[in-house]
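Asks: Dropping a structure here in structure tokens format, bear with me for questions.
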């Protein structure tokens, strides 16, 4: 008899591509399974698509009808942008949806005194929307130029695993306010959703071995279906009949107002709210949100490449993705949404949860976005899922996004004090600075920057309330300046590993994952 194997006291090997993924970027499940997975991605991205208009549209003077129309428009543009990004942008399995970072500029525009003269709420809604459109369309020029002129490629070539880790980590953690606090608005349905999702995706697959990974792959659909039915049962049984209005709005399945406000069939079209108008101050404010979205989306691209078991994005591919992200924001402005575009963090997390990083699945989810954006009543039924259920999903999906940041640390020397300082300081400040800005608003009703220009003050608020932006900028600056010439710095930061991904042609696998379709790489080479 032989005794138990002796543990080998060696570190785990570094992996360029994440192992254990069932389907990578270029491999596809069967069409039937891909359709179900695509619908699951659509279901996950609905949360942000509903929350953003729910916050902004009432500030603009809109009611349930306008809210439903904006959600339909946001879904339609998200579908188009997702297809464009997966075909011609980074080619990664990312959903391009609305961003919470546009809420501050959108509300600032909506509450402008210039719209108080409109007594008709519908007219006030249209006028404020036109201002948002104009500002967003001009602001979208920033990522378009940075991306297609290759400027973003120059910037991202200086990224190392060390400077990328805080950025990717805080993209997920920075959305903590959308997780358990949203779940807690109705604990009796949010908490069961969180527990059931973890049981189905993590525990049951290890306890009950099946030929097909049904539970971990479809845990979101199964858990949401069960808890949604439970919430409907509570609603019908009158559990919230005499509860406060806010509790009813959060817990009941019939209080969103989306089904009654949505039309049966409606095609969102460009300039549907009228001709956009432009105000210089509003444009600069929107540029700040666009800049933040670009930085956070870069973190999303990096994480999606990992969970799609691709090699890390060459700098030129990140730049190409930035350009198409800018074109997506131009479409947002043209069609009329109160939010620009960004990589959907929750959908990146879903790649990890399902272990399916297939590009085809994401493209199918985009078809669902287009389909339900036109068939308003059917889409509204799904969009009326109580938000605490969505908050429970976020607790898991945003956590997976954050974990991709820790993943990058395998290429760094964590025994280096330089590494420890850059990593710890950037993450700490990435959490602390936004907390200061947000807390200042809560206690005083305005931000800490008081320059005399309300627009400039709001620009600072947009930039410095983004955890990922603050952490990413600090880590990036420290990594390229601190002990730059020290002989160990390059290896401690992981630059020696990242060098082969700085340029498209240095790693032969780049062609497999990131080359353009239809032979377009011949005419638009990545350099």
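In case you wondered, yes, glycine gets a Cβ from its N, Cα and C as well.
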Asks: State the residue range annotated as transmembrane segment by TrEMBL; the candidates are 19-38, 39-58.
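Replies: That would be 39-58, per the transmembrane segment entry in TrEMBL.
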Asks: Of the stretches 39-58, 70-88, 421-438, which racks up the most C-beta pairs under 8 Å with the transmembrane segment (220-240)?
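Replies: It is 39-58 that shares the most Cβ pairs under 8 Å with the transmembrane segment (220-240).
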Asks: Do any residues, 6 or more residues outside the transmembrane segment (94-113), come within under 8 Å Cβ-to-Cβ of it, and if so which ones?
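Replies: 41, 45, 48-49, 51-52, 55-56, 59-61, 74, 78, 81-82, 84-86, 128, 131-132, 135-136, 175, 178, 282, 285-286, 288-289, 292-293, 296, 300-301, 304, 325, 328, 337-344, 347-348, 362, 365-366, 454, 458, 461-462, 465-466.
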Asks: Output the single range from 70-88, 134-155, 283-304, 389-409, 458-478 maximising the number of Cβ pairs under 8 Å to the transmembrane segment (39-58).
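Replies: Going through each listed stretch, the top one turns out to be 70-88.
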Asks: What parts of the chain pack near the transmembrane segment (283-304), using Cβ distances under 8 Å and only residues at least 6 beyond its ends?
Replies: 90, 92-94, 99, 101-102, 104-105, 108-109, 132, 134-136, 138-140, 142-143, 146, 152, 156, 164, 167-168, 170-172, 312-313, 318, 321-322, 325-326, 329, 340-345, 348, 351, 357, 401, 404-405, 408, 455-456, 458-459, 462-463, 466, 468-469, 472-473
Asks: At a Cβ cut-off of 8 Å, and with pairs 6 or more apart in sequence only, do we get at least 3 pairs between the transmembrane segment (189-208) and the transmembrane segment (134-155), yes or no?
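Replies: No, the transmembrane segment (189-208) and the transmembrane segment (134-155) are not in contact.
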